[in-house]
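A.B. asks: Pasting in a structure now, in structure tokens, and then I'll have a few things to ask.
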Amino acid sequence: MENQIPAAVQLTENCAHCNTQAKPEDTFCTQCGYPLKGTEAEQNIFISERQVEEIDIFTYNKTLRQASNTLYYLAGIFILSGLVYFFIHKDDEDVVTVVITDLIMAAIFLVLGAYSKKKPLACIISGLSLYVIVQVLNAIVEPISIAKGIIIKIVIIGYMIKGIKSAMEIEKIRKEKHIA
Ligand SMILES: [Zn+2]
């Protein structure tokens, strides 16, 4: 049987926002910054601000997933282009080098995609840098390559930049929460 604790007593026991145990002398919750001894208006403002943040985090997470998917998509592109190159240039001397390079790139993007769930900012920045370096190297070897699939390239870079921005915003919100 659970005892009904009066609201005034509960306030000093547990945080009404995150349910962390609070000491009677705490003015703010040590976990989430909820104004334990604030006025009702202050407490309501705190709750509504946190709700807005949660909606923001939800949106940012969606953008992050798109960036992660872009990394997987790039892995797929490298596998595909390796296979296509292999079947077209089967008898060339450098076929093995090109195909292995493509497969290594695919493996790197697969790892970045998988690991981006844990470390989104680092993985997406690495992925974007690597992608840009590959494009620049291709452009040096074959200048016309820069124009090939330019729309897709812009979309890929766009998704990753949006992902980087979202990862930064999420980190900012999380930091503010812990400081509060
Ligand atoms: Zn709290």
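Using the three backbone atoms N, Cα and C, a Cβ is placed for every residue, glycine included.
Summarising the annotation, TrEMBL assigns domain 'Zinc-ribbon' to 15-36. Taken from TrEMBL, the feature transmembrane segment applies to 71-89, 95-114, 121-140, 146-164.
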A.B. asks: Tally of helix, strand and coil residues over the domain 'Zinc-ribbon' (15-36) according to DSSP?
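C.D. replies: Going by DSSP assignments, the domain 'Zinc-ribbon' (15-36) contains 0 helix, 3 strand, 19 coil.
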A.B. asks: So which residues does the transmembrane segment (95-114) touch in its own chain, when a touch means Cβ under 8 Å and the partner is 6 or more beyond its ends?
C.D. replies: 68-69, 71-72, 74-76, 78-79, 81-83, 85-86, 89, 123-124, 126-127, 130, 134
A.B. asks: Grab the same-chain neighbours of the transmembrane segment (71-89) for me: Cβ-Cβ under 8 Å, and only residues 6 or more beyond its ends, written as numbers and ranges.
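C.D. replies: Same-chain contacts beyond the flanks: 95, 98-99, 102-103, 105-107, 109-110, 112-113, 116, 123-124, 127, 131, 156, 160.
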A.B. asks: Same chain only, please: residues at least 6 beyond the ends of the domain 'Zinc-ribbon' (15-36) with a C-beta under 8 Å from a C-beta of the stretch. Say none if there are none.
C.D. replies: 42-43, 46-47, 50, 177, 180
